Amino acid sequence: MAKLAPSILSCDFSRLREQLLAAQAGGAEVIHVDVMDGHFVPNITFGVPIVKAVKKILPQATIDVHLMIETPRRYISEFAEAGADIISFHVEAERDFDATINLIKKHGKKAAVALCPGTPVEFVSEIISKLEMVLLLTVNPGFGGQTLLPGMDEKILKLRREIARRGLRTEIEIDGGVKEENIEYLASRGASIIVAGSLVFSDEEAIEEKVRRLSLKIKPY
Ligand SMILES: O=C(CO)[C@@H](O)[C@H](O)COP(=O)(O)O
Ligand SMILES: [Fe+2]
């Protein structure tokens, strides 16, 4: 049903290589990288050098870059050249959707837009056919370890139905607040990629085992 995408936001950066290799050994094919600028969101994380490092450590993985930055179009080329495979930009942070999507595609990367929890799915109606993925942020952007906001399950279902109605193959990524108790339910609403940060990285259970077990929960066959 869905793929698990561990988010490095919650990893121990002094052990980045070890933890990424463990996630890969557990079967993770997609690695989620949260880029935050301290303007679009109240937090600052990391940028291009970390994307390069993740790609170097896991050259076979799909590097899924979630840009939580103002005017993301300015930085698309740098992230693409650093090794991003999927680039998501926020519709709330960019005026020119078409130019940004075209630039991502010009680099041969998968184009995605991200929606904050309060942004309705109708916002993407006119551009969805140009996108490979829509990221639904299910917590307020900026921090890991938050609680899934109410109503997000309905939002996923609504977008999944709209994609089906239009005969598209757009992926839906769910990001934020994914926990043991809601991961299967979120997958059943129509998510195709499920991001998990604190659930994967801040726990005593070994990362490899955790990724394997969670992946089985959302992809039982
Ligand atoms: O984009 C974000 C937060 O803004 C996420 O990707 C977080 O990394 C998810 O963290 P958890 O809620 O899974 O701990
Ligand atoms: Fe994210």
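Just so it is clear, glycine is given a Cβ too, placed from its N, Cα and C backbone atoms.
Counting only same-chain residues six or more apart in sequence, the Cβ atoms lying under 8 angstroms from the Cβ of ASP34 (active site, proton acceptor) belong to SER7, ILE8, LEU9, THR45, HIS66, MET68, GLY144, GLY197. Taken from TrEMBL, the feature active site, proton acceptor applies to ASP34.
Annotated active site, proton donor per TrEMBL: ASP175, in sequence order. Listed in sequence order, SER7, HIS32, HIS66, ALA114, LEU135, LEU136, LEU137, THR138, VAL139, VAL195 are the same-chain residues at least 6 apart in sequence whose CB falls under 8 Å from the CB of ASP175 (active site, proton donor).
Around SER198 (substrate binding site), the same-chain residues six or more apart in sequence whose CB sits under 8 Å from its CB are SER10, GLY144, GLY145, listed in sequence order. In three-state terms derived from DSSP, SER198 (substrate binding site) belongs to a helical segment. Sequence annotations record features per position, and here TrEMBL assigns substrate binding site to SER7, HIS66, GLY142, PHE143, GLY144, GLY145, ASP175, GLY176, GLY177, GLY197, SER198.
TrEMBL lists HIS32, ASP34, HIS66, ASP175 with the feature divalent metal cation binding site. Reduced to three states, the DSSP call for ASP175 (active site, proton donor) is strand.
HIS66 (divalent metal cation binding site) counts 28 other C-beta atoms within 10 Å of its own C-beta, drawing on all protein chains shown. Look at GLY142 (substrate binding site): DSSP puts it in coil.
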